[in-house]
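Pulled from Swiss-Prot, these are the features on record:
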{"type": "BINDING", "residues": "2-19, Asp30, Lys35, Thr121, Glu152, Lys263, Arg328", "note": "NAD(+) binding site"}
{"type": "BINDING", "residues": "Glu148, Phe149, Leu150, Arg151, Glu152, Lys204, Asn208, Phe249, Leu250, Asn251, Ala252, Gly253, Gly257, Lys321", "note": "substrate binding site"}
{"type": "ACT_SITE", "residues": "Cys260", "note": "active site, nucleophile"}
Amino acid sequence: MNITFIGSGYVGLVSGIIMGYLGHNVTCFDNDDVKISKLNKKILPIYEAKLDEYLKQALESDRLKFTNIYSNDFRNVDAVFITVGTPSKELGEADLKYVYDAVDKVSKHINKDCLIVIKSTVPPGSCNNIIAYLKAKGFSFNVASNPEFLREGSAVEDFLYPDRIVVGVNNQESEALLRTIYAPLIEQGVKFLVTNLVTSELIKYASNSFLATKIAFINEMADLCEKIGANIKDLSQGVGLDQRIGRNFLNAGPGFGGSCFPKDILALNNLVENYKIDCKILKSVIKSNKLRPGNMVAKIATLLDGDLKGRNIAILGLTYKAGTDDVRASPAIEIITILLNKDVYVKAFDPIGLENAKKNLEHKNLLYFASAVEACESVDIIVIATEWSEFKELNWQEIYDLVKSPMIIDLRNILDNEVMKKIGFRYYAVGSKI
C-alpha cells in the first residue's frame, strides 16, 4: 500500500518507519526542513531504541522517503495518517489547529478514494466534525480513527507486537483498507478491534487516564507506606500479581509526565465537564500528580533539616522516564524548577536527555554535567529522579568519596538499600520512612 504520514514527530516517525519496514511504500511529511534533511541522511531527531536500525532498513529497501513538500505524488496514496500534535489549551482542551491544518492541505492533493486516518489523539467526536468540515468544503473523503498506543522507550516493540489495534470507522471500505494496511500484524494474531469513530477516540483517552490513575494510586500508597513502615516494592508486587490488576504502572515515584498522560487526562476531564459530568476520579488524579514534585522537594528538605537555601543538590535523570530523551512534563524538571526557586544550586545529569533539558531549562544556579560522577561532586544530597539502569552500575564508592554529604534520596527505588548503606550512604527511597 502507498501510505503518507503528515507530521514526523514521535508518533508519525515511529509509525512511518515501521510501516515501511513491514512492506508498505511510505512518505513521511513534516514542515521542519532541518528535520527532513537529517532524516534523509539517516539521522533521527529523537532517541528511541532500535529505531535507527529500522530507519536504515526501510530507506535501503526504497520503501521510505521524507519530504517537506505537499505534491501531486500524494494523488497515488491509499491512506493518509494524520500524526500531528494536539497540545493542551489553557483549560486542558485539546488544540486541534494542527489537525485541521493538515486535513486542509492534504484534501487538496489526494485522490477521492484516499482514506484520511486520524492517528493524533483527539477528543471524541473529532472525526465526525472533520467529516462535516470536509463536506462543507465540497469533499467526501472517508475518515477513520486509529489511535496509537506507543510507549516512548519501547515504541518499536509496541508497534510490531501491540496488545491490540483499534480502528474507528463508519463504513466497510475504511475497515477493509485498514485491515489490509495492518495485515502483517493481524496475521501474527494481533487483536484488531473495530468500533465506531467516537468510541475509538475515547478508548485512547480512557486508556491513558486509567494508567495515570494507577500511577497516582501507587504513589499515594507509597506515602502511606512511609507512615506505617510497609514496603512499597513488596506492596506493588503483591497487588500487581493479581491478574485483574497487572504489574505495569505500579512503580511508585515522583509522578507521571511526558507528552501523553498529563495532556490526555486533562482533555478527558475537560470533555466530561463539557457534558456536566462531575468525574471526581479524574480531578483527584490530576491534583495528586500536580502536587507530587512539590512533595518530593519537601522530602529533600526534610533530609536537609529544612534548610534548602544555598545547598548543592545533584539530580540524576532529567527525562520523564528511562528509555527516551523526552523531558516534556518531566517530574525531574519540575523538581529542579522548584529547587531553583528556593535558591538551591542544582547539578544535573542525564545519559540521553541532556540536550533537550538544556533547551527546556536554563538558570544561573543550574549546571549540566557530562557524567553522573561529575554532577555528584561536593553535593549535599543526590536525587535519583529517573530510573535509568545506568545508575545502578555507577561506581558508588567513588561517588561516596566525592560528595560533601553521603546522602541519597531515590525517587525511583532502583538502588539497593543494603549496598548503599554498606558503602556509607544515608539512603532513602520513595515509600520508606524519612
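Every residue, even glycine, has its Cβ placed from backbone N, Cα and C.
Remember, predicted model here, so these are calculated numbers, not experimental data.
Cβ contacts within 10 Å of Glu152 (NAD(+) binding site), excluding its own Cβ and spanning all protein chains shown: 24. In this structure, Leu250 (substrate binding site) belongs to neither helix nor strand by DSSP; it is coil. Of the residues the record lists as binding substrate, namely Glu148, Phe149, Leu150, Arg151, Glu152, Lys204, Asn208, Phe249, Leu250, Asn251, Ala252, Gly253, Gly257, Lys321, the two whose Cα atoms sit farthest apart are 25 Å from each other. Reduced to three states, the DSSP call for Ser8 (NAD(+) binding site) is coil. Listed binding-site residues: Asn2, Ser8, Asn208; maximum Cβ neighbour count within 10 Å falls on Ser8. Annotation for Val11 (NAD(+) binding site): same-chain Cβ neighbours under 8 Å, separated by at least 6 residues, are Thr83, Lys119, Ser120, Glu148, Leu150. In three-state terms derived from DSSP, Cys260 (active site, nucleophile) belongs to neither a helical nor a strand segment and is classed as coil. Counting only same-chain residues at least 6 apart in sequence, those with a Cβ under 8 Å from the Cβ of Ala252 (substrate binding site) are Ile218, Asn219, Met221, Ala222, Ile232, Ser236, Asn413, Val430, Gly431. According to DSSP, Val14 (NAD(+) binding site) is assigned to a helical segment.
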